[in-house]
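According to Swiss-Prot, the features are:
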BINDING   121, 125, 126, 127, 355, 356, 357  (6S)-5,6,7,8-tetrahydrofolate binding site
SITE      229  site 'Plays an important role in substrate specificity'
MOD_RES   230  N6-(pyridoxal phosphate)lysine
């Protein structure tokens, strides 16, 4: 064989050292970024398979290349498992990302310049829900809905009133930083009232939906988009679902040839593994634990007057905290916690007054620590460690104590046990 570099450790020491450093970071950091999780070794093995060698433009049994009989099996497995997992009639597992899935949904349902009603970024929406710096805001006329100023929860009556005034061609439901259950049936009612399509982006809550712990949007939305990582605990990638045959043809055409060429069949194989894992009853136990851990952690902040828990609580895998009583902004909080090996992100809060590069809040998610096996006791401990670090951010000796406690926790719950 022409290759003499079968072991990348020996062939590319510089790259190997960087990957080893990242593995060490993941092993010894408490990961609280709500959009991140830890995949199984089986998912990683599938993604590292020989399927990376195969080009397969098109769809199973309708390819533009030969030699696709086995990748057809792989992709068909992923499709059928996704359909079963979410109760959908049609699934497309080819999107490279959630953003690609959202772009395809827009292409399938509306035209450039059409009016779309989506969740405002500061209220908890996503860049692809109409941010002016994103393709969505540049291509379509997005109008943002927000949350109630008092409750910081979605106000469906207000959204209906806004929809009647705006008359959108499409309504987008779903969020990247909203800690409450979303009523997709209500959103479909609103869409029907104004003759609009409904698209649901369930990227953050897909694992909870799969486990039956959040209302399933598939019966209500014309198209559902998702990522396959986050709470679903699969590889980084996207997913499209629908119950409408005509729309399924449009969304498939939007992905290929509209947005993408050859699908990443090695990633699709990893998606198939993740879907099988999510169909296992043990995954429901995992999702329940995620919700319990998040609630336990949020409760600690709710009881501390120095912090403000956005919307007063959480129903899912994440929550937001206003930290400005103890530290200047979310950016500084994120950087400080990085120093003690707790990883999370700064985040705008509803009706934000600071720059999006600074923010008043932080976003905390518990999917990854739950994958490590941590429970409600550890979740409360982590919350207290975060508070201890933020309140004492100018006291190096206390920060060192926090760093030590973080290491004790991560050592007790290893990420990938060494063989």
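Placement of Cβ uses the backbone N, Cα and C atoms for every residue, glycine included.
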Handout entry: Integer Å distance between the CA atoms belonging to residue 230 (N6-(pyridoxal phosphate)lysine) and residue 126 ((6S)-5,6,7,8-tetrahydrofolate binding site)
Key = 14
Problem - Site extent for (6S)-5,6,7,8-tetrahydrofolate (largest Cα pair distance over 121, 125, 126, 127, 355, 356, 357, Å) - result: 17
Completion exercise
Here the Cα-Cα span from residue 229 (site 'Plays an important role in substrate specificity') to residue 356 ((6S)-5,6,7,8-tetrahydrofolate binding site), rounded to a whole number of angstrom, reaches 25
Fill in the blank from the handout: Of the binding-site residues listed (125, 356), the greatest number of other CB atoms within 10 A surrounds the CB of 125
Problem - Rounded Cα-Cα span from residue 230 (N6-(pyridoxal phosphate)lysine) to residue 355 ((6S)-5,6,7,8-tetrahydrofolate binding site), Å - result: 26
